[in-house]
Amino acid sequence: MTRIFSGIKPTGHLTLGNYLGAVRQWVETDQHRADALFCVVDLHALTVDHDPARVRRLSRQAATLLLAAGLDPALCNLFVQSHVDEHTRLSYLLECTASDGEMRRMIQYKEKSARERETGGSVRLSLLTYPVLMAADILAYGADEVPVGDDQAQHVELTRDLAVRFNQRYGQTFVVPRAVLPQVAARVMDLQDPTSKMGKSHAETSGIVYLLDEADVVRRKVMRAVTDSGSEVVHDRTAKPGVTNLLELLAACTGKEPEELAAGYSSYGALKKDTADAVVELLRPVRERHAELAADPAYVDGVLREGARRARELARPTVDAAYRAIGLLPAG
Ligand code: TYM
């Protein structure tokens, strides 16, 4: 059976980008068709300046939201990364097969480290090695497929390189995984700045729709979305990034093609209104279910405990095999 692994980082509240780019596929298809593991990757949240209490809170909130969105513990495995030591054990071995040049070429590293430096902060070493930990997340489980948004594709490419290299040098140990991107909304853009990605850790939040935003807040954010000069509704990322983003959001909500939708609008206002309504309806059940689940943290903790137990069982043989293959003396 196909094995799937994917993760989400608790650095901020989950966004519509996370939902459309990744979580919805996990819920609607992946958990039904494969042996699927989904992980709240809390160790990754420590790679940038962080508040311990907030990371802890956001980790539980992310897990609760994933359940609210429809992940079913009877169908898939949901757990928290730091509960399974195999991730960091394997990460170190992979660091010993990767080069610093490879890490420095990662687009996210370049962007995030530049941002940290601009704001006078120092860049954590773990930000540089982040993609190796991500590779370990995936390779520890022998995942065949990694459903992610477009911004993670380069990291999955690196994971493939590291797996192939390790296998060639030390013998067949890892499955070489591939990224699977959604058909639409692989890159949801910020509503106020439609040339940059809608990201959960941005400081300016008026262009970001959070899964837990109230309906009127969602509506206001979409209605105030930056649009482009002119008044024609066309799907063209370069010439009309704002309108294109709205068309893609509406397409993702309705299952129609963005180009086909564009043909039905003669004004930005009508497009915004329909997009706002569609997003509100899309998120309503998630928010309602979240409210129920948030009232029962013991249930969520139980799901995560069982998820981690099973994840450990799955990861340990592969990670132990990697320890042997790379030349470490087995403990007696
Ligand atoms: P993270 O937490 O930034 O995002 C989680 C998932 O949401 C997708 N995504 C988006 N998709 C479309 N449009 C957007 N604006 C948007 N923003 C986010 C991301 O592509 C991702 O699929 N490094 C990862 C977490 C991770 C991981 C892994 C993923 C750690 N280990 C192993 C897969 C496998 C990250 O920071 O995702």
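A Cβ is built for glycine as well, from the same backbone N, Cα and C atoms used for every other residue.
Any TrEMBL annotation is an automated prediction that lacks curation.
As stated in TrEMBL, the feature motif ''KMSKS' region' covers range 197-201 out of the listed 27-31, 112-116, 197-201, 257-261. Going by what TrEMBL states, the ATP site holds K9, P10, T11, G17, N18, G149, D150, D151, K197, M198, G199, K200, S201, and the candidate of V164, V188 recorded there is V188.
Of all the binding-site residues given, namely D137, D150, the one with the smallest number of surrounding CB atoms inside 10 A is D150. For D137 (L-tryptophan binding site), the nearest neighbour among the listed binding-site residues (K9, N18, M198, K200), judged by C-alpha distance, is K9. Looking only at the motif ''KMSKS' region' (197-201), the predicted model's pLDDT averages out at 88. Taken through DSSP, the motif ''KMSKS' region' (197-201) splits into 0 helix, 1 strand, 4 coil. Among the record's ATP binders, K9, P10, T11, G17, N18, G149, D150, D151, V188, K197, M198, G199, K200, S201, no two C-alpha atoms are more than 19 Å apart, and one pair sits at exactly that spread.
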